[in-house]
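Asker: Got these off TrEMBL a minute ago, pasting:
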SIGNAL    1-31  signal peptide
BINDING   Gly42, Leu43, Asp44, Gly45, Ala46, Gly47, Lys48, Thr49, Gly89, Asn143, Lys144, Gln145, Asp146  GTP binding site
BINDING   Thr49, Thr67  Mg(2+) binding site
Amino acid sequence: MKLFCCASNRKASSFKLCLVRLGLLVPPCFTQEKNKQILVLGLDGAGKTSILHFLALNRVQRSVAPTQGFNAVCISTEDRQMEFLEIGGSEPFRSYWEMYLSRGLLLVFVVDSADHKRLPEAKKYLHQLIGTNPVLPLVVFANKQDLEAAYHITDIHEALALSEVGNDRKMFLFGTQVTEDGSEIPSIIQDARDLIAHLAADMSDQA
Ligand SMILES: Nc1nc2c(ncn2[C@@H]2O[C@H](COP(=O)(O)OP(=O)(O)OP(=O)(O)O)[C@@H](O)[C@H]2O)c(=O)[nH]1
Ligand SMILES: [Mg+2]
């Protein structure tokens, strides 16, 4: 497997400029216009960038800065490329999430399983997003499972009301952690990567 990773962070105030810059900075697979992206969304601090880094490079990034805009990552396998687009989870960037849904092959939604107070907020945004697209496949990462306070995935399933995401939609939930000492659970992230590749291939073939 060949991996290629590229990231770009920009401020919300220069959104248009950011798009232009994104066009300049993105890896080759983004230059193919018909390619759609795998959207990676979720509240700030949930672990989106950390997961993407792990998916791309199989290792944990030590210090992760909040994403101030976009973080584009391209992972190349032997037969295809997967284009991931994280949009920052801080308040100013959330209004851009929905704009990118129509360009999404599938939605990866990341939550901090230990941040109980903000789960209702995460649920609200998730349901707003999926409400606008009844078929977009959904992969939820219940992240930070290493933390003592983390909710089990069954509780996350309930807290996010995942039973209400719609019968026509493919939906998957993974309990993940991105930590250096985890030897077992990170393999779940690799399983998730394989599943995402499979779903993305299916969706691309349908497009
Ligand atoms: N304990 C623990 N910390 C994690 C895990 N994943 C990420 N973190 C930490 O959580 C913090 C936020 O992670 P990010 O990956 O920047 O979160 P994000 O969702 O990209 O946040 P924004 O870019 O602001 O939207 C960082 O300090 C990470 O090191 C995890 O599984 N367990
Ligand atoms: Mg980020």
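Including glycine, each Cβ sits where the backbone N, Cα and C put it.
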Asker: Over all shown protein chains, what is the count of other CB atoms within 10 A of the CB belonging to Lys144 (GTP binding site)?
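Answerer: Its Cβ shell of radius 10 Å holds 24 other Cβ atoms.
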Asker: The record lists Gly42, Leu43, Asp44, Gly45, Ala46, Gly47, Lys48, Thr49, Gly89, Asn143, Lys144, Gln145, Asp146 as binding GTP. What's the largest Cα to Cα distance among them, in Å, rounded to a whole number?
Answerer: 21
Asker: To the nearest Å, how far is the Cα of Asp44 (GTP binding site) from the Cα of Thr67 (Mg(2+) binding site)?
Answerer: 8
Asker: Between the binding-site residues Gly42, Ala46, Lys48, which lies closest to Thr67 (Mg(2+) binding site), Cα to Cα?
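Answerer: With Cα distances computed to Thr67 (Mg(2+) binding site), the winner among Gly42, Ala46, Lys48 is Lys48.
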Asker: Among Ala46, Lys48, Thr67, which binding-site residues lie by ligand 2, judged by Cβ under 6 Å to any atom?
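Answerer: The binding-site residues passing the 6 Å Cβ test are Lys48, Thr67.
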Asker: How many whole Å apart are the CA atoms of Lys144 (GTP binding site) and Thr49 (Mg(2+) binding site)?
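Answerer: Answer for this pair: 13 Å between alpha carbons.
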Asker: Given Gly42 (GTP binding site) and Thr49 (Mg(2+) binding site), what distance in Å do their CA atoms have, once rounded to a whole number?
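Answerer: For Gly42 (GTP binding site) versus Thr49 (Mg(2+) binding site), the Cα atoms are 11 Å apart.
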Asker: Rounded to the nearest angstrom, how far is the Cα of Asp146 (GTP binding site) from the Cα of Thr49 (Mg(2+) binding site)?
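Answerer: One finds 17 Å between the Cα atoms of these residues.
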